[in-house]
Amino acid sequence: HVRQLYALVSETLRYSSVLEKLLAGAALLRAEKKLPLPLAKVLVYDLLFGKGLKCGGRWKALARRHRARLEAELARLKVQQKVSRNEDLLAPVQAACSGACQVPRYVRVNTLKTCVDDAIDFFKRQGYFYLGKAASVEELRALSGKKFLLDLHLPELLVFPPETDFHDNLLYTSGHIILQDKASCLPAFLLSPAAGSHVIDACAAPGNKTSHLAAILKNKGQIFAFDVDTKRLATMNTMLMRAGVTDFQLAQQDFLTVDPGDPKYSKVTYILLDPSCSGSGMVNRVPREEAAPSAERLQALAGFQRKVLSHALSFPALQRLVYSTCSLHREENEDVVQAVLQEWGSAFRLANAFPSWPCRGLAAFSGAESCLRASPADTLTHGFFVAVLERHREGTAAPSSLPAAAEENPQHGEGTEPRAAPKKRKRKKQRVK
């Protein structure tokens with residue numbers, strides 16, 4: 001029911017301006033003075049554009065009472081705008097996003113419970129057609145029907161056509177797959193903690209990145225996850241348990257109040273930091289009509305982001321940190337990274353994150369191209385920004401290149417440094433008596 005409600009509200013937001021015109025033309029709010037505007041929009045959307053009214057009682061009776069007038073107003077609006085389809089009533093930007101700019105349905109295989117090959121076989125048995133590993137973004141863009149691909153960048157990500165719904169699929173309900181946008185998978189993938197490590201997920205809820213970290217760690221190590229929202233943490237706990245995550249500690253706590261000197265965190269070598277941001281990169285899947293954030297709002301967010309990033313770098317054993325946002329604004333991305341790197345001097349530096357990724361950071365400062373960006377148009381994902389910071393080690397002349405090991409080997413390694421090949425054991429031949 002929650003998933004259905006989320007989808008209903010998302011679509012209502014997409015048609016918001018159209019619904020307001022219908023409500024005004026039909027004078028519904030004047031006739032029903034106690035009906036709140038948001039509820040009126042949801043009722044009218046479900047009545048005229050959705051799958052029919054699912055509610056009961058007085059709300060259903062109210063909507064039906066005005067149905068003829070609303071349908072007449074919808075027909076008049078179509079004639080006025082010279083269109084025949086409901087979708088054509090949307091603003092040009094929204095119409096474009098509902099078509100050419102739609103991102104595919106990304107499915108991350110949860111390797112704590114299954115493997116990619118088994119997930120592929122399961123979907124094939126359900127009637128889907130596997131096309132192999134994608135060679136380009138254009139192949140992902142061309143997906144249709146029941147065809148799917150293995151992503152060209154991330155080794156545990158399957159790609160299906162947009163709007164493919166897996167919420168009732170057995171693999172999803174059992175935690176074998178995670179419905180997670182490709183860009184959202186990048187932070188944990190690039191952090192790539194070695195199995196057995198202690199990791200902090202600083203702003204963790206709703207938990208998709210946390211479960212991804214656990215899969216990379218193979219449940220060997222310790223994850224400390226923080227969030228200030230009690231309800232989000234409770235939901236996250238349920239999701240992590242369903243995903244088979246074991247070695248984690250959830251804390252309802254503002255990460256800024258966590259003491260880096262606490263012995264509990266003395267072995268933390270990896271931190272994933274995805275702080276609150278403007279969310280300007282998320283407009284593709286859940287369209288919004290709200291105005292762009294003001295300069296004051298951006299500066300306030302950037303101030304918080306600089307503060308929390310600097311705090312994260314103060315953990316004494318930290319070796320690698322991933323900073324990510326779902327924002328498109330330079331103020332929250334490159335500018336934050338530049339300011340904190342300047343604050344810390346030569347203690348940390350940017351790693352060259354994912355050299356094969358096509359979209360790089362804006363040229364805000366020297367080295368910003370080591371960061372990466374994502375967008376619906378260029379990478380068929382939500383808008384995203386990721387920077388990988390590593391502690392500067394004496395004697396290393398250049399920052400490391402990530403994830404070189406992942407590109408060579410489709411599975412995550414257990415460490416970031418190359419290991420010597422294991423010596424072959426000589427087997428003793430058994431004599432047959």
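Yeah, the Cβs are placed from backbone N, Cα and C, and that goes for glycine too.
Pulled from TrEMBL, these are the features on record:
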ACT_SITE  C326  active site, nucleophile
BINDING   C203, A204, A205, P206, G207, N208, K209, D227, D254, D274  S-adenosyl-L-methionine binding site
COILED    60-87  coiled coil
COMPBIAS  397-408  compositional bias 'Low complexity'
COMPBIAS  421-433  compositional bias 'Basic residues'
DOMAIN    95-392  domain 'SAM-dependent MTase RsmB/NOP-type'
REGION    396-433  region 'Disordered'
Site with most surrounding Cβ atoms, counting all protein chains shown within 10 Å, from the recorded positions C203, C326: C326
Number of Cβ atoms other than its own within 10 Å, given for K209 (S-adenosyl-L-methionine binding site): 25
Candidate with sparsest Cβ neighbourhood (10 Å radius) among A205, G207, D254, the listed binding-site residues: D254
S-adenosyl-L-methionine site span - longest C-alpha distance across C203, A204, A205, P206, G207, N208, K209, D227, D254, D274, in Å: 19
Alpha-carbon distance [the residue listed as 'active site, nucleophile'; C203 (S-adenosyl-L-methionine binding site)] in Å: 13
Between G207 (S-adenosyl-L-methionine binding site) and C326 (active site, nucleophile), the C-alpha gap once rounded to whole angstrom: 15
Distance from C326 (active site, nucleophile) back to A205 (S-adenosyl-L-methionine binding site), taken between C-alpha atoms, in Å: 14
